[in-house]
């Protein structure tokens, strides 16, 4: 082989190597393209797949197995408001399908899969648990529906007042919903108020001690004489005269002589329990008494204090408000009557308008004891002011707290023109004067003393030295309280104002403020 042939052979070998390299690259590119095409085809097949339908399993309609061991079964399902009988896939065991569970239907409406129970959906309140396990549930508008329990829920204990979520078809209760947080409606506290902190209410305190404290602390004697303690006490009278303080002091006093520790005070504002949704107020009442029973179970004395009771338990059929009282009052009475077996629960109500409370609440056997907490007289006012105006305060020289209290109370209770608030006209057309003393309360007395203390603080800031509380500051405080009370009468409704303040209720037809 000559040199020319060798060069030709080398050139051909080089060309062959290049072609092989290109061929290898083309093979790799073709392989990648094939993989991409396969992936794209799979994606297209997935996108082209028919939609599947969610439904709620109701029951297995039929199920049998042929001679070849193949299952032939159908199921009743609900998709929204639509009920259907559909086949069950042969590879899905019909006996494992549970009522209330979510199932998937393919494009041919065949049950192909069972999912977990849905945890979402409309929330309903349980009104009643039927003997066969079905539930009577209601929505916020009071519309009642009869539903079955899902397989999971059927194993749990359910009672009236519980909340459940229901499926879209409104045929199944799926699961329990945690109760609402109603802690803001019920204030639970251990009060530190004692009867010694309350002035001017000795008679009322003695009566409530006899009615409440004595049965708790002398149970053996009550049993010996076959005497049952009262279920409840109603404190009524004009506002600001110590009804709430008395209730707190009772809860505190009940702990004396017991081994259970301090008493528990559950404070409820009547208007806060009113709810526009039917059944919600009743649920809150049940919740309050349930909590009282829980606290009383360990031996602690429990006071359920319902303030402004007239707003919650109005006389049924009066037309003063909506018909909500027709259901709230019976629910309250049911719970109150149920407290009979509990030795540690006492209901105390407070109201400015006893005339608006349903008579069934006030009858013997329920709120047995009714105590009027009236406006303080001169003697009671002196006892009240002693708690707020003491010798420990910076007082004017050569004068003690007792002397200042006497001057202050005499000024407030003066029956002369400089304390003349207005004239009121009764239903006979007779006019009579109303003085500051006629509308004074324990809260007003405290407010007057606080005004004088505030003046002293401001004066101390201005002068740079502690200002003394004297007759002048107290007189200024009374003048300001008198002026604000008089101005508030300008737009007052005569009948409502007289009822709230206990001045000839129902008879006042006109108010003529002093100019």
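Cβ from N, Cα, C; glycine included.
Swiss-Prot annotations:
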BINDING   240, 241, 242, 243, 244, 245  ATP binding site
COILED    2-49  coiled coil
For this session: Out of 240, 242, give me whichever of these binding-site residues has the highest number of other Cβ atoms within 10 Å.
Result: 242
Exercise. Looking at the binding-site residues 241, 244, which sits with the largest number of other Cβ atoms within 10 Å of its Cβ?
Worked result: 241
For this session: Only counting partners 6 or more residues apart, tell me which same-chain residues put their Cβ under 8 Å from the Cβ of residue 245 (ATP binding site).
Result: 193, 197, 198
Problem set entry | Env. residues of ATP site, Cβ within 8 Å of mean position of 240, 241, 242, 243, 244, 245 Cβ | 235, 239, 246, 350, 373, 441, 442, 443
